[in-house]
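Chemist: Dropping the structure in here first, questions after.
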Amino acid sequence: MPTLKSPAPPGAAASPPRTPRAPRRHPLRAELLRGIGPWTGAAVALAVGLMLYEKADPDTDWQSHWSAGAELLRVGAVQFGGPIALAAGVWQGGRERRRGTLELRAGAARGTLRQTLVAVAPVVLWPVAVHLLGALVMVLAILPYASAGGPYGSVVVADSVALASCGVLGFVVGRLVAWRLAAPLLGIAAWLAMVGFQNGHGTRRKVLTLLNPADQLDLYGRVPVWWFAPASLLWTGGVAATVLLLYAARRRAFALVPLAAAVLGAATLMSTGDGLWRDSPALTRQVCTGQDPEICVTAQNRRLLPDVTAALSGVHAELRGVPGAPVRWTEAPDGVLKPGEAALSDLFGNAFRGRLGEPEAFAYGSVGALFGWCATERPGWERAIDITQAASDWLAPYTHNWYEPTPETKRHLNRLKAMTPAESRAYLTRLLASDRCENPGAVPAP
C-alpha cells in the first residue's frame, strides 16, 4: 500500500521551492576567456602566421625541408612571440595595482602562490597554445613536400617552455614595478637582446648566444642531440620557476630547486657548445640516379632528383663524350669532391614545395661551379671570367640572368654557338683541362 504523507498542520507556511544552484566555475576559466590572454594569443598568432606566410615563396621556401620550418617557427614564436608574451605578462601582473584590489587579493582564502598561478595562466597558456597550433600548421604544410626526416619535436617543446617562461617573468616584473611603460619597454628590450645575441663570436658573446632561447638555428642536414631539449627546459623553465617561487611561495627556500635546475641546464648548454647539433645520416646519405653521368643528392632532397636530372639534361647532352667531363654531379654540403665529381648548385635555396623553383637558374649555377667560383688578382683573371661566363651561357642558358655580359663575353658566346659538334667537344676538352682559379692566363678562348 502507498504511504500517505501526514497533512501539514493548519496555519503552517508552505516551504519555498528550492532554486537550482548555479554551477561553480573555476576562476581559471574567467582568466583565460577575458582580459589580455586572448589578445596575447592573437598577437603571437599574427607573428607566427606572418612569418610563415611571408617566407612561403620560391626565394625563401620552408615547405621542402623540416629544418627550415623549425628554424622559421622559432623566429616567429620565440624571437617575436617571446617579447609579446613578456610585455603581456608585465601588463597582467600590474592589473591588481591598476584596479586597486591588491589588499582584497591579499585577504582571499586562496594562498598567494595559488592566486598567482591562476593570474599568470593567460599569458602562459595562450602563447603556448598558439605556438603548438602553429607547429601543427607547419607540419601539415611540410608533410606533402619533405623528402626525409620529420618534425623537430624537441625544438618545438623547448621553444614552448621558453615562450611560457617569458610570460611568467613578465608577470612577476609587473607585480613588482608600478610603471605603465614597463610593459612595452621591457618587450622592446627583450627583442633587442634576442636579436643581438645570435651567432656570437668571442667567449662572452658565445655564452650569451648559447643561452639565448631565440638563437638562430642551422638544422640543414642536422638534428639536435638528445639532451638539447632537457637542458633547454631546465634553463628557461628553471629561471621562470625560481622567480615565481621567490615572489609567491611562502617558503622561498623552495626556489633553490628550480634554481639548481636552471644552473644545471645552463652549464650543459654552455659546455656542449656547437655540439648541440649533429649530422643525421638519415638526411645526409646520398641518393643517386644510377645513370651516366650519375646525379647524387642527399636524402633530404630526394624529391628533387627528377627535376635536377631534367634541368641538367641539356648540359649532359653537350658534355657527353668530352674528356674531363664530370662522371658524377653531387650535392656536397661539406664542399669535398672526389676526382671526376662536380658540385651541384645549392638545392636548399632552389627548392620550392618539393620542386626546383627555377630549373634554368639551377643548371646555370651548377655549370658555373664546374668552371670554378673564385676570385683572384692573377694575370688574365678578367679574360678567364669572360670566357667561362660565355661557356656557362652556352651550356646552360638562363633568360633571367642578373648580370650584363661584357662585349668580350658576347663575342666568345657567338663563337661557341657557331662551332660544329666536333669543334665544341674539342674546345670543351681544353677548357675543362684548364684551371681558372690557379692559372687564369691558361684558360683557352673559343
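Note that Cβ sites are derived from N, Cα and C of the backbone, with glycine treated the same way.
Found this in TrEMBL, in case it helps:
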REGION    1-24  region 'Disordered'
TRANSMEM  32-52  transmembrane segment
TRANSMEM  72-91  transmembrane segment
TRANSMEM  123-146  transmembrane segment
TRANSMEM  152-174  transmembrane segment
TRANSMEM  181-198  transmembrane segment
TRANSMEM  225-247  transmembrane segment
TRANSMEM  254-277  transmembrane segment
Chemist: For the transmembrane segment (254-277), name the stretch out of 32-52, 123-146, 152-174, 181-198, 225-247 with the most CB-CB pairs under 8 Å.
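Modeler: Answer, by Cβ pair count: 225-247.
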Chemist: Can you find at least 3 Cβ pairs under 8 Å between the transmembrane segment (32-52) and the transmembrane segment (181-198), where each pair is 6 or more residues apart in sequence?
Modeler: no
Chemist: Restricting to the same chain and to residues at least six past its boundaries, which positions have a Cβ under 8 Å from a Cβ of the transmembrane segment (152-174)?
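Modeler: Contacts of the transmembrane segment (152-174) (Cβ under 8 Å, skipping residues fewer than 6 from its ends): 40, 44, 66-67, 70, 73-74, 77-78, 81-83, 85-95, 116, 119-120, 123-125, 127-128, 131-132, 135, 182-183, 186-187, 190, 213-214, 217, 219, 223-224, 228-229, 232-233, 236-237, 239-241, 243-244, 247.
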